[in-house]
Amino acid sequence: MVKRQISMVLDLNKCIGCQTCTSACKLQWTNRNGREYMYWNNVETHPGPGYPRNYEHSGGGFDEEGALKIGITPSAEDYGIPWEYNYEEALMTGTDPWLRPNVKPTWGANWNEDEGRGEYPNSYYFYLPRICNHCANPGCLAACARNAIYKRQEDGIVLVDQERCRGYRYCITACPYKKVYFNEQISKAEKCIFCYPRIEKGLPTACAKQCVGRIRFIGYLDDEAGPVHLLVERYKVAIPLHPEWGTKPSVFYVPPLAPPRIGDDGEPTEETRVPLAYLKELFGEAVVPALETLKTERAKKQSGAESELMDTLIGYRHPEMFKLS
């Protein structure tokens, strides 16, 4: 058992898919030395295959009895082979008239960006940012034969001991979210570290600090004065992704309140544009009361009444969104 668990809440109603969080993480951690294909933070368009491709059907996690399930390791093509461009030939020497990738791209972290489902006027999609969930019951930790993966006692952040890791990749197959990666240059597993050097200095993660939509809240689950406890424990509007996988994520999502469907008469209906059945696939049955609470509190705010929940979700100031002490 860890002493405390640091957690993150992401409000999907505010994410604009700008990829600023992805850029912040990529520039900070994964732009070199065998990490080029890795996106510790990525923003997916849903419904869609995600990153790596079809990770939701790649196995891992735990069954209903708590037994570890071993999945598959995604291929390089499922992640998207990183490429560069022929800048020298196209821009400097003029030996090639076209600027082109040096490999033929077939997939990438945001390959299906802004694609959705449905037909006009009821087509729909939403953005879903993902990092390592720093789970309370990590499949990667349970699978590691070298005891190289551990949770920090002071904050529950899940890390890989690079001295102990031998690159067996069991952690990748056991993580149902496929948020552990293999660095072929050093033959070791690597993953999101929740920017722990920043956390230790009282600073939020790079992805959270750079988020222009202010969708991310960081704090400790047991801090009753913090936004994470309020959203997860008190109002229960922040819920984990795929709770049925049994890893008990420490990253939570406020589900999207989609616009209403438009009926055949051109008028809005009571049905939401994003099907509730699809949201249940992602977040389980807890999404139903979460959405109802959001609707109720939003209506209160619209009527001019006070709403602690809505004021918190607006995120006026960073100090109110990040409680790291």
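Along the chain as shown, the residues are counted starting at 1.
Every residue gets a Cβ built from N, Cα and C, even glycine.
The shown structure was predicted, so the numbers you read here are calculated from the model rather than taken from an experiment.
[4Fe-4S] cluster 3 binds C132, C135, C140 as Swiss-Prot records it, and from the list C165, C175 the residue named for this site is C175.
Swiss-Prot names C25, C192, C195 as [4Fe-4S] cluster 2 ligands; from the candidate set C15, C18, C207, the record adds C207 to that same site. Swiss-Prot names C165, C171 as [3Fe-4S] cluster ligands; from the candidate set C144, C211, the record adds C144 to that same site. Rounded to a whole number, the distance between the Cα atoms of C21 ([4Fe-4S] cluster 1 binding site) and C207 ([4Fe-4S] cluster 2 binding site) is 4 Å. Listed in sequence order, the residues of the same chain lying 6 or more apart from C192 ([4Fe-4S] cluster 2 binding site) and placing their CB within less than 8 Å of its CB are C25, W40, N41, I131, C132, H134, K179. When the alpha carbons of C144 ([3Fe-4S] cluster binding site) and C135 ([4Fe-4S] cluster 3 binding site) are compared, the span between them is 15 angstrom. Straight-line distance linking the Cα atoms of C175 ([4Fe-4S] cluster 3 binding site) and C165 ([3Fe-4S] cluster binding site), rounded to a whole number, equals 16 Å.
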